[in-house]
Amino acid sequence: MAHVCIHWFRKGLRLHDNPALIAAIRDCKELYPLFILDPYLHDNTRVGINRWRFLISSLQDLDCSLRKLNSRLFVVKGKPEEVLPKLFTKWNVTKLTYEYDTEPYSLSRDKNVTTLAEERGIQVIYKISHTLYDIDRIIEKNNGKPPLTYNRLRDIVKVLGSPKKPIPAPTLEDMKNLASFSEKHKQEYGIPSLEELGLDTSSLAEEIFPGGEQEALRRLNKYMQRTGWVCSFEKPNTSPNSLSPSTTVLSPYVTFGCLSARTFWWRLAEVYQGRKHSDPPVSLHGQLLWREFFYTASVGIPNFNKMQGNTVCTQVDWDENQEYLAAWREARTGFPFIDAIMTQLRQEGWMHHLARHAVACFLTRGDLWISWEEGQKVFEELLLDGDWALNAGNWQWLSASAFFHQFFRVYSPVAFGKKTDKNGDYIKKYLPILKKFPPQYIYEPWKAPRSVQQAAGCIAYARRPSASSESPTKKQGLKRKAPTVVDLMQKKQKKS
Ligand SMILES: Cc1cc2nc3c(=O)[nH]c(=O)nc-3n(C[C@H](O)[C@H](O)[C@H](O)COP(=O)(O)OP(=O)(O)OC[C@H]3O[C@@H](n4cnc5c(N)ncnc54)[C@H](O)[C@@H]3O)c2cc1C
């Protein structure tokens, strides 16, 4: 029987290595590639403007690739459980395909949708292609529990063998028997612009990492051509504060599924072939296994994105301090290294892994003693690569709540950045107000003599006007609008 099929894109915004899409095309006479803007997932408190832009670009790119195959992308808004049944009827759908998604929300959504489809006699097919392996198989091989160490995960995946090889994108030939869409359909179901979505785009900076499969593959090719760099890649030796990224920045593309993790894996394997190369955990293959590690943990551990009810998470009596949290989130802690990283996050939606270490440690066990769940929320909103499993897993690691327990090994907000950037060029890039500060003070501007601060045109710690005659006038220095964490800590010390 020739089917009328919806292929439902959620993550997996690509044509290459998309087994569910290939399953959709098989025995199909009419194909509806669909994306649903779900008010739960695509909500402004979860998705910041940078990630919105990445999503919309990715959808435009997907639509463009589908049009080259005489097809197109259909976009609708609403709760999938409500939207899909209407479309099933409207389009006389007989088959539904999608990529398997392990997030708790997605699992329950997909269960509901599958029931609704099957009640209507619609065939439902899903395929695993967001991760290297079938995560449930890893858990099964570990006696029903997620491996809690990276080495254990490695032992298990060794038994499972190499990840599946990626499959090619569909071709015009594959699509030749499909009906093309009527003019009416061509106009309806378009991709909304950011403005049409009512989003405020005034804070958007230059688009450094445009969304979409074409850009993902271009970026992958570019990095894979640097064979020496790929083979000698050791994550701990990459720099958190280089002026251009010292790692691949493929994470947003992997998160949205513009790039298949298996394609990434096998391209690396080709580069490694016959050459001496680094190994997990520090190699690029090793990075993809970290992803697999946290995905497995997120599937096997209940309440993975929370402290309470999470069986592996140390229960900590974190402080609640809205002032400190806001200062961290808004890049005004007063520690230039921390504020530069948070500025990069706000402007570009990405920062290096070790930079994430520094700010995550600072917020939690290092300095502010604020719950990792608060940091997780901020990252979820602002990161282009915001990923439910990886965000929760890495925050638990960094706060020494799970997987890593040496809570006393803390990153200094001053010394850590100096190791790879003595001059503070990274700080100057993201906090241009400190541009004129001499290198010896740029990590701790409050230690500079007042004359140096004045010459640099920035007073790091403005005393209250009544303090001493040395106090900066409005003209001499920059008056901060809100108190910094350094201010707040000093105030607290004075009180006690
Ligand atoms: C507190 C905290 C929160 C984080 N939240 C996220 C998140 O929401 N989404 C996200 O993708 N990564 C997250 N990471 C992990 C990591 O920082 C990023 O994946 C990495 O920096 C992405 O840059 P890249 O693509 O250049 O990495 P590369 O070093 O080039 O690595 C290649 C790929 O491996 C994967 N990877 C690398 N490091 C990790 C890691 N530690 N854990 C899991 N996968 C990894 C990513 O898919 C990445 O694209 C977080 C890390 C920390 C410390």
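Note that Cβ sites are derived from N, Cα and C of the backbone, with glycine treated the same way.
As annotated by TrEMBL, FAD binding site applies to 247-251, 287-294, 385-387. Under the DSSP three-state reduction, Phe294 (FAD binding site) is assigned to helix. Cβ-based neighbour count (10 Å, all protein chains) for Phe294 (FAD binding site) stands at 25.
Summarising the annotation, TrEMBL assigns domain 'Photolyase/cryptochrome alpha/beta' to 3-132. Mean pLDDT for the domain 'Photolyase/cryptochrome alpha/beta' (3-132) in this predicted model: 97.
Annotated region 'Disordered' per TrEMBL: 463-496, in sequence order.
In the three-state DSSP reading, Trp318 (site 'Electron transfer via tryptophanyl radical') counts as coil. There are 19 other CB atoms within 10 A of the CB of Trp318 (site 'Electron transfer via tryptophanyl radical'), with all protein chains counted. Annotated site 'Electron transfer via tryptophanyl radical' per TrEMBL: Trp318 (among others), in sequence order.
Residue density at Trp372 (site 'Electron transfer via tryptophanyl radical'): 29 other Cβ atoms are found within 10 A of its Cβ, drawing on all protein chains shown. Annotation comment: TrEMBL describes Trp372 (among others) as site 'Electron transfer via tryptophanyl radical'.
According to TrEMBL, the site 'Electron transfer via tryptophanyl radical' annotation covers Trp395 (among others). Packing around Trp395 (site 'Electron transfer via tryptophanyl radical') is summarised by its Cβ count: 25 other Cβ atoms lie within 10 angstroms of its Cβ, all protein chains included.
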>> Please report the Cα separation of Trp372 (site 'Electron transfer via tryptophanyl radical') and Gly386 (FAD binding site) in Å, rounded to an integer.
In response: 15
> Got a sec? Which of Ser251, Glu292, Trp318, Trp372, the recorded positions, have CB under 6 Å of any ligand 1 atom?
Replying inline: Ser251
>> List every residue in the same chain as Glu292 (FAD binding site), at least 6 positions away in sequence, whose Cβ is under 8 Å from its Cβ.
In response: Thr131, Leu132, Tyr133, Ile135, Ile138, Leu153, Val157
>> At a 10 Å cut-off from the C-beta of Val249 (FAD binding site), count the other C-beta atoms across all protein chains.
In response: 19
> Phe294 (FAD binding site) to Trp318 (site 'Electron transfer via tryptophanyl radical'): how many Å between their Cα atoms?
Replying inline: 23
> Looking at Cβ-Cβ distances, which residues of the chain lie under 8 angstroms from Thr247 (FAD binding site) while being 6 or more apart from it?
Replying inline: Lys235, Thr238, Gln287, His352, His353
